[in-house]
Amino acid sequence: MSEYSIFTSESVSEGHPDKMADQISDAILDAIIKDDPNARVAVETLVKTGMAVIAGEVRTNTYVDLEDIVRSVILDIGYNSSDVGFDGASCAVLNAIGKQSGDIAMGVDEASEKDLGAGDQGLMFGYATNETDVLMPAPIYYSHRLVERQAYLRKNSILPWLRPDAKSQVTLRYENGKPVAVEAVVLSTQHTPDVKQSDIREAVMEEIIKHVLPEEWLHSNTQYHINPTGQFIIGGPVGDCGLTGRKIIVDTYGGMARHGGGAFSGKDPSKVDRSAAYAGRYVAKNIVASGLAAKCEIQVSYAIGVSEPTSISVNTFGTGKISDDKIATLVREHFDLRPRGLIDMLDLKRPIYRPTASYGHFGRTGDSFSWERTDKADALRAAAGI
């Protein structure tokens, strides 16, 4: 991967229709896994004008009120009246959830707990870089913080004319592999009909952009695009249909690292699309935190029903203190990347998933985000002899 001199990433708010769908899917997963940690869950959501549809496959011994969960998530996000364009209290909720296929269950379950088979084939990537304190790429990190700030101002009525739907985009200039300046910022936010565009631009600039982005990165040639098409009154599921799993680059590294293609939300941890991507982040972050490399990307792959990964690869893009092959050997020695091993390593059978469904799965803080720990860094450093 060559060095970029300019790089752009984007994020979307919790009120974006695709993120609404992700949050509904993960709220359902949380409700089920809270009472049945061994449940198998794969839930997809679609939201469109006046309607939410949930579909997928579930195997569980517990009961949850799916309609109530759907409505609660929509209302919590802020879609609570026809004035906003969508009302969680009155929208239709259609349920098309069925049972998990017996063929899939056989491949995953008919092994010992230690040798739990992967829920599907696939390839997953994890990534970390030392360009931010949380070891995330700066463009996606700051894109998340912009829309997170928009939601804070909206929910606390600091800017009461804000509505739930919003998008951000940050373009950074790099020198010697480090971000040094903001070249462009895009912030589009839904709003009430009665606010002036000039007031929106001023408030977004002062309360969101300047509040979030490092002052020293802003310069006289920075481009600011605030609601560049003009008014943004119609948004959310009225403006666009929302689907689970349609913001996989927003969910991960903003395009800075490769992606295996599998989405996360609505999937229990037996699905390696999710759990192995989390483990990949954990591995890469510990490698960077240990000082073994300034940036690291790990790829891991699986076959359905097989516990051992079919491959583990490491790329430090020329920043490694030791060879990538030696780091890959350390990964195999210090991390159990079998499905059961990584579930136990990261304690993934918990109701921790809805918070991941907005503002990124990585670079977050708090006990729920166990894949963000750097508790293996010292052991890796010692084993590498650096």
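Cβ atoms are placed via backbone N, Cα and C, with glycine included.
According to Swiss-Prot, the feature region 'Flexible loop' maps to residues 100-110, out of the candidate ranges 34-44, 100-110, 353-363. Binding of ATP is attributed in the record to H16, D165, A166, K167, D240, R246, K247, A263, K267, and the widest Cα separation among these residues amounts to 25 Å.
The distance from the Cα of E57 (L-methionine binding site) to the Cα of E44 (K(+) binding site) comes to 9 Å. Rounded to a whole value, the Cα-Cα separation of D240 (ATP binding site) and E44 (K(+) binding site) is 17 Å. Neighbour counts of Cβ atoms within 10 Å were compared across the binding-site residues D18, E44, E57; the minimum falls on E57. Each of the binding-site residues H16, K247, K267 was scored by how many other Cβ atoms lie within 10 Å of its Cβ, and the smallest score goes to K247. The DSSP secondary structure for D18 (Mg(2+) binding site) is helix.
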